[in-house]
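Novice: Take a look at the following structure, please.
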Amino acid sequence: MAAQVPTEALKELNVAEGSQKPGATAQSKTDAAGDEHGGDDSEDEADGHVDGAAPTGEATKKKKKRKPKKKKKHPTSQTDPPRVMISQLFPNKAYPKGEEVEYKDENNYRTTNEEKRHLDNLNSDFLADFREAAEIHRQVRQWTQKTVKPGQTLTEIAEGIENSVRALTGHDGLTEGDAMKAGMGFPCGLSLNHCAAHYTPNAGNKMVLQQEDVMKVDFGVHVNGRIVDSAFTMAFEPKYDNLLQAVKDATNAGIREAGIDARVGEIGGVIQEVMESFEVEIDGTTYPVKSIRNLTGHNILPYSIHGTKAVPIVKSNDQTKMEEGDVFAIETFGSTGNGYVRDDMETSHYAKRGDSQHVDLRLSSAKNLLNVINKNFGTLPFCRRYLDRLGSDKYLLGLNSLVNSGIVEAYPPLCDKKGSYTAQFEHTILIRPTVKEVVSRGDDY
């Protein structure tokens, strides 16, 4: 989920020379495996008869052997659409690791250092939660890439992804507090064409995916508040291939540079250099691919998708360092437009602010809605469809009151100029003591 650079911070960005173009402005977890009580039903087969008495026909008959109980079999593959809980496919919680990358230069010793390896081993629950969330993300997105086609409504696509995530976590989010144990880390974003981020359909939305569209699919999965944030772009016409390749390569460049003691401003410079080495020809016109300079990656905290650190996607003087134990979403956005986004269209994404102060709310609808948010989402982002799903109604006045009071943050869609095309790719990386782990890496990207 994209983080936006505050407007005043843009003035501090030292954008690499030559990158500006004319006109340009970033649980109850259900162990479905269960206890399997196999039936080792031992039986004493008695031929018993009374001494001195002639054995009768009945007494000489052996007892019937009882058939042993059949052991429950664990599912071995995912369904279509995905509905098998991931814990059933991995009953021992041995979830796949992400891509492990050794640190470079002065941090290379960490890979074999015994003390660092010990620290890594202490993080078993932390790693298991992230790897479970990542495997759910991989299975759901690979199903999405296979099944989503032009002609589907955005609502159908978003709900298909979200319902699959809930099924694989085993938490449908309909009972109080259930969505905070595991489920959606934030709403499924489906941003089309010039819209780069934070768009998901509200109730009644009739928008249909078209053959010529470029769609950013950005969704999060959390387990115990540990959020995996990963995104990809879908296009159905080969003319957009270079745009998608530019952004994918830029994201991978950022991942390569990330690590302990890496400075985020320098990472941004590498991302920009790779991104802006591409151009794309669309319908006979050639466009330079630009990094969207007021969007950034970000670190991730428990139950908080946007932490306190940002990873720019253009060169800057930001000297903030990545540190051991950090979790980062490395995401990049490329555009054929201005390389700058503004708020546009109807807002759908919201999140309760972690730093919000107590406010005396006068509207009863605002008080009631805040109670729903606290019990079902906490500081996890939500959208209006999620409130509808919980049975909330006539909440818009209360929601606006919470936003105006500074309790809830609104995240409107972020768009470049109309007629342009934008693309996004994103991975979550764990800055472990011994290696960095691209936990959301898959065969697809």
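Along the chain as shown, residues are numbered 1 onward.
Cβ coordinates are placed from backbone N, Cα and C, and glycine is handled just like the others.
Quick paste of what Swiss-Prot says about this protein:
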BINDING   His198, His306  substrate binding site
BINDING   Asp218, Asp229, Glu426  divalent metal cation 1 binding site
BINDING   Asp229, His298, Glu331, Glu426  divalent metal cation 2 binding site
COMPBIAS  61-75  compositional bias 'Basic residues'
REGION    1-99  region 'Disordered'
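Tell me what's around each of these sites.
Specialist: The Cβ of His198 (substrate binding site) has Met1, Ala2, Gly189, Ser191, Ser348, His349, Tyr411, Pro412, Pro413, Leu414 as same-chain neighbours under 8 Å, each 6 or more residues away in sequence.
Non-local neighbourhood of Glu426 (divalent metal cation 1 binding site): Asp218, Asp229, Ser230, Ala231, Phe232, Thr251, Gly297, Ala329, Ile330, Glu331, Thr332, each in the same chain, at least six residues away, with C-beta under 8 Å from its C-beta.
Taking all protein chains in view, 29 other C-beta atoms sit within 10 angstroms of the C-beta of Asp229 (divalent metal cation 1 binding site).
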Novice: Do any residues at least six apart in sequence from His298 (divalent metal cation 2 binding site), in the same chain, have a Cβ closer than 8 Å to its Cβ, and if so which, in order?
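Specialist: Correct list: Ala3, Ile305, His306, Gly307, Lys309, Ala310, Val311, Phe328, Ala329.
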Novice: Please report the three-state DSSP label of Asp218 (divalent metal cation 1 binding site).
Specialist: strand
